[in-house]
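Some notes on the structure that comes next.
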Amino acid sequence: MAPQQQPSSIPTPYEDLLREILETGTPKGDRTGTGTTSLFGRQIRYDLSAGFPLITTKSVHVKSVVGELLWFLRGDSNVRWLQENGIRIWNEWADENGDLGPVYGVQWRSWPTPNGQHIDQIAGALETLQTNPDSRRNIVSAWNVSELDNMALPPCHLLFQLYVANGKLSCQLYQRSADMFLGVPFNIASYSLLTHMFAQQAGLEVGEFIWTGGDCHIYDNHVEQVKLQLSRDARPYPQLKLNKAADMFSYDFSDIEFTGYDPHPVIKAKVAV
């Protein structure tokens, strides 16, 4: 059984979902051969105006979160830039030259069209926020079916939609495959940061970040780590200080600072490849 939830005024939707998976999930096999406990179709929400959702029940490597997002926004698909900045989270999937194929950043910035052109989805999304904020078509997708076989790993977090109401920007992410212990805290933080960037560039306030998961799973070799995490009380979320860059593609590490981040110690676990 999972540890009992400790009373707290701090919203903990991520930890609540971890607990639900442990208590009610279904044992399933998986591609990696590790084994999981899984639930299908869950959603968690964060009010971005109330604090930045950087998980506090364990320490999240902030530089990797920021660096990976900047790398996506560069349209890059080689791990060299990540490695030069001390980030190794993609090493296991790269080939001998550091290439990953046409993964996230390539699809975001350079989606190929049948006539040989390319679409910059990020630039298009920002333009839509600025010119037609009520659009229901403001979607960015990394799930390019024609190129999946050329990717080192098909996109797990594959599609996000932007929504404006009352001058506030919200973002909903759909994640088909959710490694709840290792991956999802990164994804929540990454797309929350991206939402702040879009809002800043479009002259909007931030609203909600909504995470929607398909196969939400805890790997069998992460169960003890999850139980340890759930035994900890959540601490207040940090605040984000974001210097405004010239455009969406000019943000740098120095523009992004989290203040008041005081997490519990890191909990190590092996990534399933």
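Glycine residues also receive a Cβ, built from the backbone N, Cα and C atoms like all the rest.
DUMP binding, as stated in Swiss-Prot, involves Arg31, Arg136, Arg137, Arg176, Ser177, Ala178, Asp179, His217, Ile218, Tyr219; the candidate among Asn144, Asn187 given for that site is Asn187. Residues His61, Asp179 are recorded by Swiss-Prot as (6R)-5,10-methylene-5,6,7,8-tetrahydrofolate binders, and the candidate that the same record lists for that site, out of Ala246, Ala272, is Ala272. For the pair Arg137 (dUMP binding site) and Ala272 ((6R)-5,10-methylene-5,6,7,8-tetrahydrofolate binding site), the C-alpha distance works out to 34 angstrom. Of all the recorded positions given, namely His61, Cys156, Ala272, those whose Cα is no farther than the 10 Å limit from the Cα of Arg31 (dUMP binding site) are Ala272. Long-range C-beta contacts of His61 ((6R)-5,10-methylene-5,6,7,8-tetrahydrofolate binding site), restricted to its own chain and to partners at least six residues apart, with a cutoff below 8 Å, comprise Val266.
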